[in-house]
Amino acid sequence: MKIMVAVKRVIDYAVKIRVKPDKTGVVTQNVKMSMNPFCEIALEEALRIRESGLASEVVAVSMGPSQCIDTLRTGLAMGADRGIHVEANYSLYPLSVAKILKKLVEIEKPRLLILGKQAIDDDCNQTGQMIAGLLNWPQGTFASKVVLDKEKQVATVDREVDDGIETVCLNLPAVITTDLRLNQPRYATLPNIMKAKSKPIKKFTPEELNVEIKSDLEIVEVTEPPKRKSGVIVSSVDELIDKLKHEANVI
Amino acid sequence: MATRMILRRVIQKRTVLFPLSLSTSRKGSTLVVAEHEHEGGAIKPSSLSALFAATCLPDNDSSVSLLLAGSGPSLHQAASLAASSHPSISQVLVADSDTFKSPLAEPWAKLVHLVQQKGGYSHIVAASNSFGKNVMPRAAALLDVSPVTDVTAISDSLTFVRPIYAGNALCTVRYTGASPCILTIRSTSFPVSQKSVDSKSNKASISRVDLSTFDEDLGKSMYISQTSQDDERPDLGNARVVITGGRALKSAENFKLIENLANKLGAAVGATRAAVDAGFVPNDLQVGQTGKIVAPELYMAFGVSGAIQHLAGMRDSKVIVAVNNDADAPIFQVSDYGLVGDLFEVIPELLEKLPEKK
């Protein structure tokens with residue numbers, strides 16, 4: 001069985017982002033970029049499934065400008081077998097990403113597609129659900145535990161939902177999106193980073209895949225959120241209670 | 001607060017000029033995809049927020065249809081409750097089938113698709129909770145449109161504000177595609193006042209969704225179970241006061257201090273990712289970019305450093321109190337009242353000195 005994992009290159013999660021003065025977006029030049037944390041978890045899960053003998057190959061896919069190759073190399077250094085880069089120098093919304101993924105699924109024929117539950121830049125939380133819809137595959141979103149049954153060809157997924165954990169059983173092929181608590185992603189070791197350099201990365205463009213990139217969303221502006229007025233440091237519990245009672249009127 | 005003010009302005013300015021793409025079609029009509037309680041049939045508060053957001057769409061012509069699905073008496077109870085208690089609802093659509101008993105995305109997305117094909121709505125709105133996030137993007141893909149998720153403000157019928165980068169930037173997006181425009185809304189940005197849901201003057205029609213053409217495609221996914229904490233405390237997403245503990249609590253045992261304080265204030269308990277990962281509390285209490293988004297009147301953070309990802313979930317709280325022994329902790333940059341001190345001394349003192357709540 002083959003597993004396909006989609007990984008996204010985003011601004012590193014620890015970076016304090018800056019909004020561009022012309023309000024067209026956020027500054028990405030000379031900013032540290034990394035693999036989206038949820039994508040790391042997705043890849044780690046795929047690798048663990050392969051290591052347990054339930055899958056034979058893990059293919060990592062990334063879409064966007066040429067620098068996405070770096071993200072794919074990171075994935076290959078973690079242990080993915082090969083990479084696919086779909087080069088696009090314009091912004092891709094989740095619907096387009098899902099359509100490109102659908103084409104790649106038709107080419108590669110994986111039995112399982114694992115994605116992060118959301119990218120920490122656009123915070124959309126859509127792509128996995130959309131690709132599942134396009135493929136008419138069942139979806140296990142916000143997964144905190146995945147158990148595969150090779151005999152029955154099903155995946156049992158624990159999902160993090162608003163009021164606890166929900167368990168669903170999916171017939172393969174299926175789409176799974178990962179939540180934070182699914183696993184602890186490994187670090188790439190130096191020898192593996194070296195090895196990753198010789199692993200193959202196939203290249204495509206959306207045009208070659210015959211995917212029409214539809215843009216039905218337009219970014220009007222990107223602004224900074226309103227600043228909170230600066231607060232005060234109180235010196236004692238008594239002062240705190242007094243302020244909450246008489247100044248803020250919340251207790 | 002800011003959002004609320006923007007909203008009020010939007011509601012007052014109902015005479016906004018609509019973009020051409022819509023003025024060529026008929027007046028907008030909106031479908032709200034709602035969830036109801038399995039006991040009693042009440043519409044869930046998050047769905048009421050979605051309903052309120054739907055009424056904020058300026059070209060809406062106050063034609064809002066509410067979609068309820070499930071089976072059994074609670075569904076029909078929910079339908080009649082909804083039909084008679086919410087003045088903005090003009091129609092309640094009921095999909096009665098065992099298929100919808102559980103909140104599985106596969107049948108629900110197909111149902112939304114089916115209802116849209118029959119109703120030709122201009123907008124479909126749901127809450128951005130785990131149900132809405134799971135179902136709506138799938139439905140959008142079936143309809144070949146891009147959804148707009150986690151909307152915090154509505155500027156006009158096709159222009160919305162949503163936070164990106166963990167709430168460190170606000171992005172205004174315009175939907176330029178074909179109908180329907182699919183939205184999931186952040187419930188805390190569309191608070192429901194009791195007044196707007198209590199009017200009994202309205203009686204909307206209730207109609208059944210014809211499921212004869214519904215392709216069930218059974219066997220793809222199966223609902224197994226749901227485990228949830230039986231919790232006496234108010235729901236985290238809607239609580240007036242939230243008390244949150246972080247890594248500094250050091251153990252699940254110590255976390256009881258937070259719970260005691262919450263009990264005293266009638267508050268909900270929240271947690272940081274560190275506290276959840278360390279096993280102090282279950283994951284559904286996590287507040288932040290990837291957990292729950294809260295905006296209570298009072299948010300008290302104990303032993304919380306204030307990482308970007310945590311601030312994303314609580315920065316719209318009205319009053320923020322932080323107690324931390326590190327005076328340089330980033331949480332103090334957003335707190336209204338900060339106290340530098342040991343939470344193991346501060347919480348017991350608070351427990352002793354705070355006035356008793358009913």
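Backbone N, Cα and C atoms are what each Cβ position is placed from, and that goes for glycine too.
Quick look at what TrEMBL annotates:
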- B:Arg247, B:272-273, B:286-290, B:303-310, B:Asn324: FAD binding site (BINDING)
- B:30-218: domain 'Electron transfer flavoprotein alpha/beta-subunit N-terminal' (DOMAIN)
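Counting every protein chain shown, 31 other Cβ atoms lie within 10 Å of the Cβ of B:Val304 (FAD binding site). Sequence-distant contacts (6 or more apart, same chain, Cβ under 8 Å) of B:Gln289 (FAD binding site) comprise B:Ala166, B:Gly167, B:Ile308, B:Gln309, B:His310, B:Ala312, B:Gly313. Fewest Cβ neighbours within 10 Å among the binding-site residues B:Arg247, B:His310: this applies to B:Arg247. In sequence order, the binding-site residues from B:Gln289, B:Val304, B:His310 that place a Cβ under 8 angstroms from a chain A Cβ are B:Gln289.
Mapped onto three states, the DSSP output places B:Gln286 (FAD binding site) in strand. Sequence-distant contacts (6 or more apart, same chain, Cβ under 8 Å) of B:Gln286 (FAD binding site) comprise B:Gly270, B:Ala271, B:Thr272, B:Arg273, B:Val276, B:Lys292, B:Gly313. Sequence-distant contacts (6 or more apart, same chain, Cβ under 8 Å) of B:Ala307 (FAD binding site) comprise B:Thr272, B:Arg273, B:Gly288, B:Pro330. Within the model, the domain 'Electron transfer flavoprotein alpha/beta-subunit N-terminal' (B:30-218) shows a mean pLDDT value of 91, rounded to a whole number.
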